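**Q** Right, I'll just put the structure down here and ask away after.
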């Protein structure tokens, strides 16, 4: 490749790195520095010819040049070839061990550092993807070899005396026709894919099985593999009809302070192959399955193109497959893509398409980081016996009089030495045995030297003593309240037993029962009408004019006393609306003149008369003549009798205010 091509590729890598940095989210451990980029590594595997197929005797359309490059015939010009260069190329004679040791095994070490890794098998149908991932009992594939080595690493790193405690869990799922199905629990149905606050992809409800050995893995994995959907086509008798994803999670917990936690995830993905329905002969359900597979692989290609071009939006959500591979492509995982191709000429177009996808995928840049967090060490709860909680006197009372008379006092136990004395640290049963033994030896050493111990070691004991003292005080308070309640009940019973005649001569200190509380009726709200300022001033200036709008009126009501013998009367103030007769007559005349002579616009000046009612009044006046009195409005359609009183009061007050 020339210098110009190298510079152009470097610019694309930098653009992809910048776009990938905006998409990934750093954990707490990586905050403050930018994680280094890691390009997606691509390996190509060429399977051998399959015996008994058409074209088995023809020369291959693909030829390997060295361990990293290959060439394929150019379909536009048969005298030329197209050359591709990848991170690794495995020819027809390559074994399963060569592929695993050369491409997959180096990334397992990242899981122990709290980072994610993924291995994807890509290629057309019948190219050998499932054989590469699963293999056979004689030639195990990537999945069994990776699990065997990973479990061995966790046993070595999580052994006694090591600073980290490791645990491994597995989950197995398939994406069949855009449905996420749990292969470990097929009855769970379609699952959803979520994203947590740190940008990690997770599937709520997915079954997780803890594994400690390879036998545990086989016990869960082999039955689940039989649940995967497969079918027969013209090109493959056991064609995978879904994308299978094996998720292995490695959890690490630090045994000493500061008690950090790490989580690494390994995705082992066997993608379903793209299919040409003209050659596979798919019909009915197989045709529908093929459409779902090709659609998800097409979205996968769009995601790779968007990452290479540095587009602001990457279509991860357009497919369940790409949503699940968000960490593997442009995310935070060390990714390995194994592109499987076939040498037969009838697979030429599929082989060229797979090589082009692999060439674009190697330009994708991920940014792995360590998923690490700090977990506060929670002390185990202190379990106290009933005797310790209730105290000596309460425990004696709880045993009862029978046990007190029969049981004999036990001889006091011999005092334990300082080294054998129960330490609060012995309550920490969840702590690692090696760390607990060290802390206990330190506690015994401090006790042998006559020291009272450090503040941190004595804290659980002090809290226990304070808790016991507080509980004893609460018990005494409860006993006092019970005695007081009994005294009050006895006095009430004695008072009920006394005759009514003796009731008068009874002691004045005798408590009387509480009287029933008098039931009162809520006071009505005081209502007032706001008058114009000019009208109020003229009313004050001429007190002889009786234009009082509101008048204060007293009203009495009866209340039941405590003895219910004499009803008490209490006066209340209320307000009622009173209009002087002159003002009422004048206002009625003004309204009547307006009804007989006013236009529809003039009628709308009256309150509660709108455009519709004004037109009704004018029409009724033209048909029946002028109104004789204001109450004739009830005969007009749309005006009820119930509204007449409020209509008169509102308009009379308004006319009076405008006149003044």
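Just so it is clear, glycine is given a Cβ too, placed from its N, Cα and C backbone atoms.
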**Q** Could you tell me which of the ranges 354-389, 390-425, 426-461, 462-497 is annotated in TrEMBL as region 'Disordered'?
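**A** Here TrEMBL associates region 'Disordered' with the stretch 390-425.
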**Q** Across the domain 'Kinesin motor' (39-364), what does the mean pLDDT come to, as a whole number?
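**A** A mean pLDDT of 90 is what the model gives the domain 'Kinesin motor' (39-364).
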**Q** Quick check: which same-chain residues outside 123, 124, 125, 126, 127, 128, 129, 130 lie with their CB within 8 A of the centre of the ATP site CB atoms?
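**A** For the ATP site, the extra neighbours are 47, 236, 273, 340, 342.
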**Q** Out of 123, 126, 128, which of these binding-site residues shows the lowest number of other CB atoms within 10 Å of its CB?
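**A** Among the binding-site residues 123, 126, 128, the sparsest Cβ neighbourhood within 10 Å belongs to 128.
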**Q** Any same-chain residues 6+ apart from residue 124 (ATP binding site) with CB under 8 Å of its CB? Would you list them in sequence order, or say none?
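**A** Correct list: 273, 274, 275, 341, 342, 347, 350, 351, 353, 354.
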